[in-house]
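Here is the structure we will look at, set down as structure tokens.
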Amino acid sequence: MSITGFEAIDAAKARVEKICPGVVSCADIVAVAARDASAYVGGPTWNVKLGRRDSTDVETLIKRFKGKGLNVREMVALSGAHTLGDAQCSSFRDRIYSDGANIDGAYAGVLRRRCPLVGGDNVTAPFDPVTPDHFDNNYFRDLMRRRGLLASDQVLYSGGGVTDGIVREYGKLAGRFRDDFAAAMVKMGEIQPLTGSAGQIRRICGAVN
């Protein structure tokens, strides 16, 4: 999530706190915001189970997610969230200036003009330069053209990897990607959420109480 995204979550949290302080968690707000953002730009929607609590530190969060079993197909589907959003130059500079990177030359050239070798760390580029504000399957088509923005995007399609077939499938079948993405979001949202007396209801989403 970008800094602007966190600001939107905190703004929503502040309004909720005025109405019912200490009741609605940031985890629930993020889950609902993800669903509504997807629907707003023409993506799928899904039911969100509420009642999560917020973890008190990142280590706890990592431990709760580790080994909770999202399969390869779900991983690829969730990576398709990069049909939206952008990344800072500092996140992909090594990729676009490396001769050995698995990247389309013309695409790398466009990115170099935007992101200099030195400086400009906070300049951003969209994950999907064609339809950056629309939920579609163009992200996967870009991967097949070696136009993944991040190295972690492009590793999903290497011309012989175990996930190549799924990328090709989603690149051809937008409806299947939408369905699988929604299902994976639901499953991810059910990975041991903190409920009841566990965790806390944060007053500000960017900080532990």
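Every residue gets a Cβ built from N, Cα and C, even glycine.
These come from TrEMBL:
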DOMAIN    1-209  domain 'Plant heme peroxidase family profile'
DISULFID  Cys26-Cys205  disulfide bond
BINDING   His82  heme b binding site
BINDING   Thr83, Asp128, Thr131, Asp136  Ca(2+) binding site
DISULFID  Cys89-Cys115  disulfide bond
TODO: May I ask which of the binding-site residues Thr83, Asp128, Thr131, Asp136 is closest to Cys26 (disulfide bond) if we compare their C-alpha atoms?
DONE: Thr83
- [ ] Find the one among the recorded positions Cys89, Cys115, Asp128, Thr131 whose C-alpha lies closest to that of His82 (heme b binding site).
- [x] Asp128
TODO: Quick one: pull the CA-CA distance for Thr131 (Ca(2+) binding site) versus Cys89 (disulfide bond), whole Å only.
DONE: 19
Open item on the list: Can you check which residue among the disulfide-bonded residues Cys26, Cys89, Cys115 has the largest number of Cβ atoms within 10 Å of its own?
Closed with: Cys26
Task: Rounded inter-Cα distance in Å - Cys115 (disulfide bond), Asp128 (Ca(2+) binding site) - done: 16
Open item on the list: Nearest of the binding-site residues to Cys89 (disulfide bond) by CA-CA distance, picking from Thr83, Asp128, Asp136?
Closed with: Asp128
Open item on the list: Other than Thr83, Asp128, Thr131, Asp136 themselves, what residues in this chain have Cβ atoms within 8 Å of the centroid of the Ca(2+) site's Cβ atoms?
Closed with: Leu84, Val130, Pro132, His134, Phe135, Asn137, Asn138, Tyr139
- [ ] Go through Thr83, Thr131, our binding-site residues, and report the one whose Cβ sees the most other Cβ atoms within 10 Å.
- [x] Thr83
Task: Neighbour-count leader, CB within 10 A, binding-site residues: Asp128, Asp136 - done: Asp128
